[in-house]
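Take a look at the structure set out below.
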């Protein structure tokens, strides 16, 4: 049977590697776990290998149909959704007050720093794997797998969050309470007992569009996002006509600086989605031109809009009266513009539809590239010949979204999402520093050792700053010490370590300050997240490691060895 038309009933679709041919092979592979882990830990993929050999494992190519215009609107459509329409009210009411605008600015700056790091990688390595591919090239297979698990976790949780938020605003549009569209199952634990069938339905509808055509999805996203911008402009103008400056200026930061940064850590959720644009690099006509415009342009617009919307909300209502479920709709109702809540709800439903579309498109492409390395079943890497899209990966990831979205409350999802995302963005920034200052086989040991030393100080001082923030309520001496160490370590990297590689097409500015600041910002925001979310995150990490040591390690090891042998044969015959 032709391989590309074969069904998915055979074991070889999921575990074709030598280690899984028999139980004997598997037990022998387990005995070699230590050796194989060492090999995978130090193994590095090459950029051209990711672009050519790894992508070829999908059988068919993705269609290069996107331009910078598509990417800008994908960026806006993928980001501007549940974060602004739901979390603004929650964080203004409970953590930041009117200073929520500063929280949006802080998390937006952190996101923009990460955008610059992603942009250089996406231009240099234009593949669907996004941050997984970037980390794999510079930090190796093992670290890439940890990143991969967090990437998939990020996207599943994000998709579930947006789908549940879609239900909330759809209910508002229909003059109903969101729980009217949910099913209460009293036997299930709190925060997991309101089943949301609408979240499942909208996920499947959006996934169907993503499977049929990337370009078609882009056209829908562009039209919907342009409409969304008009609705946002309406919200700002109409809301400001009902502004009461006292709502904003009196008690501007009722929870202090700690409240602002705590809100920033959660509001980082509002900027999630831009990394999905990087996964579209493989489908972009001119990555060197289109990706920088698309990523940086869309994030600049998003930060501006978010801050303006936050100011508008806090001018319309006292933060103590803001509704945490549908803040803008209720705010308009409170100032006597009840009719406006329908426009807000239409905008929110539309926004969350495009965010869900961007989420499903991004996660499927991540999963596709992860499967190309056999860290996930290779069946998931196959590109459908007719549509040029990763159909298998899209279906599986949508099912995961639906399962989580059916059960889990948004309050549980948002913090989990921020931990996963901040961790990934820190790894990408670290990988960029390694890429610029180290080339395997060329960089002298002395330069490498200095690089390791400075990176250790940058990460260590960033962790210490976050930890001090967590344990010290009013102190400032610790910050003088930790921030000074970070500054001197970054300065030392700039002055004492020679750049080993220059970007060929587009480079991140202010090297190494910008990626170093990205690491520091992201780790600092991690320090503002609650302990319960870290416990859940730790459980997920343990599950990841169990899978890796039992399956992923051996599958990727066999695949790498087979590819190496094939390359040796080709070289010998050349």
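Cβ coordinates come from backbone N, Cα and C, glycine included.
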**Fill in**
When TrEMBL is consulted, the range among 339-362, 363-386 described as transmembrane segment turns out to be 339-362
**Asked** Looking at 174-193, 194-213, which one is transmembrane segment according to TrEMBL?
**Response** 194-213
**Message:** Quick check on the annotations: TrEMBL lists transmembrane segment for one of 31-51, 220-240. Which range is it?
**Reply:** 220-240
**seg_contact(the transmembrane segment (509-529), the transmembrane segment (260-281)) with at least 3 CB pairs under 8 angstroms, min sep 6** = yes
**Request:** For the transmembrane segment (293-319) and the transmembrane segment (260-281), check the count of CB pairs under 8 Å (sequence separation 6 or more) and say whether it reaches 3 or more.
**Result:** yes
**Prompt:** At an 8 Å Cβ cut-off, counting only pairs 6 or more apart in sequence, do the transmembrane segment (66-87) and the transmembrane segment (535-557) clear the bar of 3 or more pairs?
**Reply:** no
**Item:** Segment proximity, the transmembrane segment (260-281) to the transmembrane segment (339-362), 3 or more C-beta pairs under 8 Å
**Value:** yes
**Asked** Would the transmembrane segment (142-163) count as touching the transmembrane segment (419-439), if touching means at least three Cβ pairs under 8 Å and pairs must be 6 or more apart in sequence?
**Response** yes
